[in-house]
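To start, the structure itself, in structure tokens.
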Amino acid sequence: MEFSTQTTASLHQIKTAALAVGVFADGVLSAAAEVIDRASHGAVAAVVKSEFRGRTGSTLVLRSLAGVSAQRVVLVGLGKQAEYNARAHASAEQAFAAACVAAQVGEGVSTLAGVAIEGVPVRARARSAAIAAGAAAYHYDATFGKANRDARPRLKKIVQVVDRAASAQAQLGLREGAAIAHGMELTRTLGNLPGNVCTPAYLGNTAKKLAREFKSLKVEVLERKQVEALGMGSFLSVARGSEEPLRFIVLRHAGKPAKKDKAGPVVLVGKGITFDAGGISLKPAATMDEMKYDMCGAASVLGTFRALAELELPLDVVGLIAACENLPSGKANKPGDVVTSMSGQTIEILNTDAEGRLVLCDALTYAERFKPAAVIDIATLTGACVVALGNVNSGLFSKDDALADALLAASRQSLDPAWRLPLDDAYQDQLKSNFADIANIGGPPAGAVTAACFLSRFTKAYPWAHLDIAGTAWRGGKDKGATGRPVPLLMQYLLDQAG
């Protein structure tokens, strides 16, 4: 989608298929709504008084208003004026874009980013507007036998009306938001594809395709023999249960940092289990189809790299993806098996459905060779995190306060929330094994914490954080689908690091 800015006081003269103006819940019109109200001789105020309550994200379409050039004026609810904030703005922008999609219009004009929010500059508002519009316009039809082309959104362009003095910052924010939206689109589509299409090889080919599209990206895709040579015994033990060949994907964004005394790269590590049946510790059948989403950590890394490359962000970033399936077979891991990780630590596999940590631990060891400034792994790791935090916050674990604080700040600014959970050494006792250096599960109590504790055993060489996105990477039920999270959080963190 294309985004741009326009500066004009003559809103009523703008020729467009849809013009968005904000209305607060207490009946107060935004400045833009007042302009349209005057031009239409009080039509907006009359409608607001009689039938539009201005609830956050609600919309009402007014067609062919006298004195207004726009074909449609879309009243968008902003909620209570005293409570108007960044999240309410994002909801309003998404509601407007959704109204444009529903009306099958090709372009629209929004005045919503021009509504001031204390502590939220226009650049951040514009960025949020583009992300929200991208989310509203997302449409999946990749695996339909005969895609309904009429159902595809026609919305291709949104113009934000802002003050002339704010135009440059708004354009910067729109550019950032568009790149993030494109990254989220890729992440969502990869997640939504079925496991027989989005295989480890498919993820590897997607990475190669990105490298062909963007000059800043370099990609290397390792196969079984190369992984064996590296000694990734833990990763290999999971992969051998499936006929689908594994892939270990290494991406590099060479962003030419401005700092002369540059630190090492930021490394993003994604869990890429393209289908997780649980292995011999088989999952229940009822919702097993959703285990195609067990590669959403990998998908978020690829989406983040797409956004990074589009923005040409001046930062060195490495992406590592360990991709395979976790299936039961005669070659699959068995409960009680002991495997040797790339680090040399041995692992007793008490539950084969705790496989994500088995592939991540070798990727985290591989990350040491880059002498990273920080490593962040992203994984749909535990159902326990969903129990603890539901579908709102991603779980954040780190012993590095500076890294954790930076990620939490990014989560707040990007409206992609995370919540820090404990990583105390006392939990490590639950991972003791009588037959290996470490067990791969720690029993029912604090399952998300002990999973993070397991990973921490392989991260002693660098600052590290773990994002458990099991509750936030996709939605179930009638609205089933990938969300694209935590691409906004990751990109905001990287934007902050780039300065």
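Cβ coordinates are placed from backbone N, Cα and C, and glycine is handled just like the others.
Take the CB of E355 (Mn(2+) 2 binding site) and look out to 10 A: across all protein chains shown you find 30 other CB atoms. A coil conformation is recorded for E355 (Mn(2+) 2 binding site) in the three-state DSSP classification, outside any helix or strand. Positions annotated as Mn(2+) 2 binding site by Swiss-Prot, on the basis of sequence analysis: K271, D276, D294, E355.
What Swiss-Prot records for D276, D353, E355 is Mn(2+) 1 binding site, and it gives sequence analysis as the kind of evidence.
For K283 (among others), the entry in Swiss-Prot reads active site. There are 15 other CB atoms within 10 A of the CB of K283 (active site), with all protein chains counted. DSSP assigns K283 (active site) to coil in the three-state reduction, placing it in neither a helix nor a strand.
Marked as active site by Swiss-Prot: R357 (among others). The local packing around R357 (active site), expressed as other Cβ atoms within 10 Å of its Cβ over all shown chains, amounts to 28.
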- prompt: With the Mn(2+) 2 site defined by K271, D276, D294, E355, which remaining residues of that chain have Cβ atoms positioned within 8 Å of the Cβ centroid?
  reply: G272, I273, M291, M295, N326, G356, V359, A379, T380
Task: List, in sequence order, those recorded positions among D276, K283, D294 whose Cα sits within 10 Å of the Cα of R357 (active site).
output: none
Query: Reported as an integer number of Å, what is the Cα distance between D353 (Mn(2+) 1 binding site) and K283 (active site)?
result: 8
Message: I'd like the number of other C-beta atoms within 10 A of the C-beta of K271 (Mn(2+) 2 binding site), please.
response: 29
Task: Measuring CB to CB from D276 (Mn(2+) 2 binding site), give everything in the same chain under 8 Å that is also at least six residues away in sequence.
output: K283, M291, D294, E325, N326, D353, E355, G356
Field: Winner by Cβ contact number (other Cβ atoms within 10 Å) across the binding-site residues D294, D353
entry: D294
